[in-house]
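J.: Quick one: this structure, given as structure tokens, is what I'll be asking you about.
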Amino acid sequence: MLSGKARKAGVLGWPVAHSRSPRLHGFWLARHGIDGAYLPLPVRPEHFAEAVRALARLGFAGANVTIPHKEAAYALCDAVDAVGRRAGSVNTLFFGEDGRIEGTSTDGYGFLESIREQAPGWQATDGPALILGAGGAVRSVAAALLDAGCPRLILANRTPARAEALARDLGGPVEVTDSPRLDGLALLVNGTSLGMEGEPPLEIDLAPLPPTAVVADMVYVPLETPLLAQARARGLRAVDGLGMLLHQARPGFEQWFGVAPVVDAELRAFVAADLLR
Ligand SMILES: NC(=O)c1ccc[n+]([C@@H]2O[C@H](COP(=O)([O-])OP(=O)(O)OC[C@H]3O[C@@H](n4cnc5c(N)ncnc54)[C@H](OP(=O)(O)O)[C@@H]3O)[C@@H](O)[C@H]2O)c1
């Protein structure tokens with residue numbers, strides 16, 4: 001039941017039907033009895049800028065941005081915070097009453113929060129991290145790992161030039177390799193789309209990883225990827241991509257709707273049920 005004062009937010013994407021964000025934010029809105037709505041907003045790339053400006057003028061508090069709009073959103077913002085600047089893209093927008101648009105990237109934050117939840121005791125300072133992939137999501141995660149004190153970050157990507165460009169943008173203790181070694185790692189991250197439903201699995205032998213290593217997958221369909229199954233079978237701590245999806249949503253929800261939401265088993269089960277369909 002919305003009143004005339006209802007707070008409004010949504011997710012812009014093209015297409016957007018696959019997005020789980022309306023279900024996720026809708027769960028929190030209902031849990032907290034908030035007078036507000038979070039809508040799926042399908043917007044073609046050529047209409048993106050016009051649509052965002054219109055939302056800001058229509059009294060929306062803000063929006064999430066998903067594929068393929070994250071870079072366009074970055075370019076459109078009046079201000080982007082340090083994390084978003086480092087990632088070169090934004091996934092969360094905040095609108096001022098004067099139509100001002102501010103942006104940030106919460107994927108890296110969501111990733112770190114998810115590891116802290118699913119592998120308690122892990123810290124970015126524990127040791128070297130290897131990330132497979134160099135796409136948009138990896139940009140945000142790599143920046144977050146470095147900001148949290150990761151002492152050595154190794155990037156490996158099918159297209160090495162993309163990893164090299166990211167390493168240059170990031171600065172700090174970052175290196176690029178085409179033959180990644182797993183011994184001595186504190187963290188291994190799959191940031192590619194390999195292992196996703198309909199894609200080939202990630203071919204990797206986890207045997208050389210130390211028993212203390214954490215293996216994290218950004219893929220969340222399926223929830224248990226072959227990579228995570230192999231990690232668990234070896235007794236390693238495994239972190240799925242759903243946690244990242246749930247946690248990246250928290251900062252936006254809090255600012256738009258005025259309540260700090262929590263990620264718990266009930267929310268997880270509610271969103272996971274939708275992934276199984
Ligand atoms: N859990 C979450 O909340 C969350 C959020 C965002 C994204 N994700 C997931 O993170 C992954 C990356 O997303 P993104 O937005 O960063 O996508 P992206 O920008 O399109 O990057 C895709 C990455 O996967 C690599 N890749 C694709 N197919 C490959 C193959 N056959 N062999 C080797 N590498 C391959 C690409 O390598 P090239 O550079 O060589 O093309 C690139 O590094 C996806 O699985 C996505 O579902 C999860």
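Backbone N, Cα and C atoms are what each Cβ position is placed from, and that goes for glycine too.
It should be emphasised that the depicted structure is a prediction, and the values quoted were computed from it without experimental measurement.
So TrEMBL says this about it:
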- 11-93: domain 'Shikimate dehydrogenase substrate binding N-terminal' (DOMAIN)
- S19, R20, S21, T66, N91, D107, Y220, Q248: shikimate binding site (BINDING)
- K70: active site, proton acceptor (ACT_SITE)
- 128-176: domain 'Quinate/shikimate 5-dehydrogenase/glutamyl-tRNA reductase' (DOMAIN)
- G133, A134, G135, G136, A137, N157, R158, T159, P160, A161, R162, M218, G241: NADP(+) binding site (BINDING)
- 241-261: domain 'SDH C-terminal' (DOMAIN)
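Help me picture these features in the structure, burial and contacts included.
T.: Here the domain 'Shikimate dehydrogenase substrate binding N-terminal' (11-93) has a mean pLDDT of 96 out of 100.
Within the same chain, the residues at least 6 positions away from R20 (shikimate binding site) whose Cβ sits under 8 Å from its Cβ are L245, V271, D274, L275, listed in sequence order.
In sequence order, S89, V90, N91, S105, G136 constitute the residues six or more apart from K70 (active site, proton acceptor) in its chain with CB-CB distances below 8 Å.
DSSP gives G135 (NADP(+) binding site) a coil state; it is part of no helix or strand. Long-range Cβ contacts of G135 (NADP(+) binding site) within its own chain (separation 6+, distance under 8 Å): R162, G191, T192.
Outside the domain 'SDH C-terminal' (241-261) by six or more residues, the chain places 7, 9, 20-21, 24-25, 28-29, 31-32, 34, 36, 61-62, 64, 91-92, 94, 104, 106-107, 109-111, 113-115, 117-118, 217-220, 223, 225, 267-268, 271-272, 275 with a CB less than 8 A from a CB of the stretch.
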J.: Cβ under 6 Å from an atom of ligand 1: which of these binding-site residues qualify? The list is T66, R158, R162, Y220.
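T.: So the answer is R158, R162, Y220.
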J.: Could you list the residues of the same chain, at least six apart in sequence, whose Cβ is under 8 A from the Cβ of G241 (NADP(+) binding site)?
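T.: The answer is D217, M218, V219, Y220, L223, T225.
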J.: Using a 10 Å cut-off, grab the number of neighbouring Cβ atoms around the Cβ of R162 (NADP(+) binding site), all chains included.
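T.: By my count, 16.
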J.: Going by Cα-Cα distance, pick out whichever of the binding-site residues G133, A137, R158 is nearest to S21 (shikimate binding site).
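T.: Closest by Cα: A137.
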